[in-house]
Structures are given as C-alpha cells and as structure tokens.
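One structure is given below, represented as structure tokens, and several questions about it will come after.
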Amino acid sequence: MSGKILIIDDEESIRFSLRGILEDEGLDVAEAESGEQGLELIGTDIPDMIFLDIWLPGMDGLEVLENVTRDYEGLPVIMISGHGTIETAVQALKKGAFDFIEKPLSLEKVVVSSRNALEFSRLRQENQALKTRITSEQPVSLTGQSAAIQELKDVIARVAPTDAWVLITGENGTGKEIVARSIHHLSGRADKPLVAVNCAAIPEELIESELFGHEKGAFTGAEKAQEGKFELADGGILFLDEIGDMSLKTQAKILRILQEQAFEHVGGRKTITVDVRVIAATNKDLTEEIKAGNFREDLYYRLKVFPLELPPLRTRTDDILLLITDFMNSLVKQHGFKPISFGQDAIRALTAYPWPGNVRELKNFVERMFIMYAGEAVSADRLPPEFKKAIEEQPAVVAPHTPETSMDDLIAGGPDDLKQARADFEARFLEAKLKEFEGNISQLAKAIGLERSSLYRKLKTYNIQTD
Ligand SMILES: Nc1ncnc2c1ncn2[C@@H]1O[C@H](COP(=O)(O)OP(=O)(O)OP(=O)(O)O)[C@@H](O)[C@H]1O
Ligand SMILES: [Mg+2]
C-alpha cells in the first residue's frame with residue numbers, strides 16, 4: 001500500500017500502535033493530538049485518508065468530521081471509537097465517515113479498512129483527473145450524416161469566408177459554440193483571435209468595462225487600464241454567446257458599438273475604432289423575446305444578417321449512433337480506454353431516448369459509460385433508467401423506421417399479419433400527418449375525414465405524442 005495517513009487522537013499509545021501497523025504496510029504517517037491541530041495539518045498537506053478519534057478534548061471528533069466532509073469532499077475518514085461510543089460511531093457514518101474501528105485496535109481491521117479507504121480515494125482522484133482532461137479538448141469539426149447536419153456544414157462553408165454577421169440559434173447543447181468555432185476556423189480571420197463573451201455570465205455593472213475596456217481609476221477597483229473584448233477581437237471575431245440574456249440597457253449600448261464599430265473606454269475620451277466580425281448565439285426564441293419586450297428589435301435585425309438554426313438531436317436520430325461512436329473512438333485514442341460494445345437493445349434505447357440536453361448530454365453520457373464500463377458489453381439493463389423508460393414509451397406497433405425506408409422495405413421487414421401491417425401503416429401515416437399539421441388535431445381530423453375524438457383515440461392507441 002502507499003499513501004499519506006493522518007492520525008488524530010489524543011492518546012499517545014493509540015497513535016503509537018496505529019503508526020506501527022500503518023508504517024509496516026508502507027504508508028506515510030502524520031499525527032495530531034487534537035482536532036484543531038489535525039485540521040491545521042490537513043490545511044497544509046492534504047492526506048489520502050484520516051483516522052479520527054471520536055472523543056477528543058476541545059473540538060470533538062464529530063465536529064472535526066463535519067469540517068473535513070464539508071471542505072475536502074471525498075477524503076475518507078475512519079472513526080476510532082472507544083467503549084460506549086459505538087452509537088456515536090454510527091452517527092458518524094451517517095455524517096459521511098467512511099468506516100469505524102473499535103478500541104482495542106485489531107490489526108486486521110485496521111489494515112483492511114485502510115486499504116478500502118485508500119482504494120476509494122484513488123478511484124475518486126482518477127475519475128476527477130479524467131473528467132478535467134476530457135472536458136478540456138475542443139474539436140472544431142461537426143460530426144453528423146443526417147441531411148440537416150450535411151446542409152448545416154454546406155451553409156457554414158459558404159458563409160464562413162464572407163464577412164457576414166451570423167446569428168446562431170438552437171437548444172442547449174446543440175453545438176452553437178462549436179459552429180461559431182468552425183466558422184472562425186474557415187474564415188479569412190482564422191489567424192486572428194476568436195474572442196468569446198458570455199453575456200449571461202457578466203454582471204450588468206461590469207459589462208461595459210468588459211466589452212469596451214476602461215481607463216485607470218475609471219471606477220473603484222480599476223487600478224490599471226484594461227482593454228475590452230472589442231479591442232482584443234480587432235481583426236478577428238467577437239462571439240457574443242447567450243445574447244438573449246443580455247439586459248435591455250446593455251443591448252442599447254451594444255447596438256451603438258455594433259453599428260459604428262467605434263467606442264470609448266469607460267472613463268476615457270479617445271475614440272477607438274475596430275474591425276470586428278460578430279457571431280451571436282442564443283437558446284432563446286428572440287422573436288418571442290421581442291414580443292415580450294425583453295429584446296430590442298433593431299438589435300435583432302442587426303445581428304441576424306445570416307441566421308443559422310441548429311436542429312435538436314431528437315430530430316436527427318441518424319446522428320446519434322455516429323456521435324456515440326465518434327466520441328468513443330476519440331476517448332479510446334486519447335486515453336487508451338478499451339471500447340464498449342453496446343447490445344442491440346441498448347442501441348434501440350439510445351436512439352429512442354429524446355436527448356433533451358442534445359449533443360452535450362450525449363457526450364457526457366459516453367464519458368460516464370467509459371468510467372463505469374470501459375472494455376465491457378453493455379446491454380439495455382445497464383443503462384440509466386431514463387433510457388429504459390424511453391424504450392418502454394416507444395410505440396410498440398410502429399415498425400422502427402427512418403424517413404428513408406420505402407414501402408417495399410416496410411413490407412419486406414414488416415409483419416405477415418394484415419391487421420398488424422394496417423396498424424403499422426396507420427400509425428406511421430398519422431404520425432407524419434400530425435407533423436405536417438404542426439400538431440393541430442382539429443385541422444388534421446378535418447383533412448383526413450375523421451371525427452376529432454376518434455382521431456384522438458387512435459393517436460393515444462399508437463402512443464403518438466401530441467403536444
Ligand atoms: N455535431 C457535433 N459534432 C461533434 N461534437 C459536437 C457536435 N455538436 C456539439 N458537439 C459537442 O457537444 C458539446 C456541446 O456543444 P456546444 O457547447 O457547442 O453547444 P451549445 O449549443 O453552445 O450549448 P449551450 O446552449 O448549452 O451553450 C461540445 O462539447 C461540443 O464539442
Ligand atoms: Mg454554448
């Protein structure tokens with residue numbers, strides 16, 4: 001075993017015998033006589049695990065435990081309980097202690113318990129390192145074979161080399177940022193910076209200085225002059241992310257700058273001119289925001305020179321497996337993971353699931369699966385519950401289909417029973433028509449010559465979503 005252990009106990013004989021056992025196992029040991037001293041030691045050098053006496057003079061064991069679990073999440077603590085403190089030990093477990101051992105100390109229990117705790121601590125650290133490494137890389141190429149993504153790539157290739165301003169809209173996680181990056185990458189400004197501003201994250205009172213920069217002493221706290229994002233992006237691209245979350249006041253300021261490409265530092269008098277191409281992005285429906293009085297119409301038209309709408313993942317199910325495979329391959333390549341093989345039933349569940357968090361959710365999902373199941377076969381029952389639910393909710397009578405399946409394919413791969421075939425057809429027909437009528441049931445009923453109520457019943461029978 002290897003690792004750093006801290007023993008917090010006021011009894012010297014206990015510290016002595018624990019140190020003996022642990023050092024024999026090859027561990028580094030530090031000691032503290034009190035809770036206060038223990039916390040101080042943890043503050044300067046975080047151990048891999050702690051042995052902590054329940055009864056201590058001054059700050060008692062439970063209080064020390066509370067401090068540790070609050071400030072050092074995941075650091076395992078093993079409580080040492082004397083006679084009559086077993087109940088307290090149980091209480092400690094509820095408060096997040098990893099385990100407890102009783103006095104007199106049993107050598108075997110000490111060894112087993114520390115081995116478990118160190119293993120836990122190691123796995124946790126590994127997972128954390130993995131997560132930070134995984135999230136730091138940022139590709140610029142878009143994965144996808146669906147018609148929607150192909151078209152998107154075409155449009156990007158056409159608009160990128162121009163100097164047109166672009167407004168990207170789409171649900172969370174559909175790839176707005178990656179699209180902005182790929183426009184930058186393919187533009188004539190690729191060797192100049194892409195400066196991103198998250199409009200939702202900057203407090204109202206700081207946004208001006210953030211965007212336009214400020215002079216020394218312009219406001220309290222402005223100890224030195226600073227350039228704003230507009231200057232930093234000069235010659236390049238300014239990416240205004242989450243533009244729908246900007247306050248009306250800031251919108252007014254921004255509008256003027258966007259029109260004139262000229263501004264002054266906060267607290268300054270000199271007019272600065274820049275050459276900046278703007279790409280804006282939002283997950284809000286800006287026309288709705290305009291109606292609600294939250295977004296300026298003039299700013300909207302100024303930004304929306306070239307609108308790009310990103311489709312949600314659930315409308316391009318063809319891309320789901322491709323994205324999963326792609327993310328898996330890059331994790332295998334980068335981190336040497338062994339690939340996961342998903343069973344047929346798992347694949348069905350993954351394509352049936354609506355992915356409300358879109359590609360971001362899918363990417364996180366793949367990373368999570370690798371942390372748990374690298375190198376293994378994964379069937380549907382090993383997937384998180386939301387996927388099982390998705391497959392249960394999938395209409396049973398409707399044959400799995402893609403927009404490309406022809407009538408012949410349907411017949412060849414379909415049921416032999418006429419009644420079932422008719423039901424399959426009816427379900428597909430109604431689903432398609434409902435889309436065509438944008439979910440308007442009354443209009444659809446009229447168009448296909450059915451009573452509204454019986455149409456409703458049929459939709460329910462076939463489990464077709466009507467929102
Ligand atoms: N078509 C795609 N191919 C490969 N990776 C993609 C694709 N679309 C999105 N991603 C990845 O999914 C994640 C989320 O994408 P991104 O941050 O661009 O979404 P977003 O629309 O800006 O989301 P939000 O609205 O939540 O800010 C990123 O890691 C991105 O690299
Ligand atoms: Mg984004």
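Any Cβ shown, glycine's included, is placed from N, Cα and C.
Per TrEMBL, the features are:
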{"type": "DOMAIN", "residues": "4-118", "note": "domain 'Response regulatory'"}
{"type": "DOMAIN", "residues": "142-371", "note": "domain 'Sigma-54 factor interaction'"}
{"type": "MOD_RES", "residues": "ASP53", "note": "4-aspartylphosphate"}
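Looking at the shown structure, can you explain where the listed features end up?
Across the domain 'Response regulatory' (4-118), the prediction's mean pLDDT works out to 91.
According to DSSP, ASP53 (4-aspartylphosphate) sits within a strand segment. The number of other Cβ atoms within 10 Å of the Cβ belonging to ASP53 (4-aspartylphosphate), over all protein chains shown, comes to 26.
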Treating G and I as helix alongside H, and B as strand alongside E, what does DSSP give for the domain 'Response regulatory' (4-118) in helix, strand and coil?
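Taking the domain 'Response regulatory' (4-118) as a whole: 55 helix, 24 strand, 36 coil.
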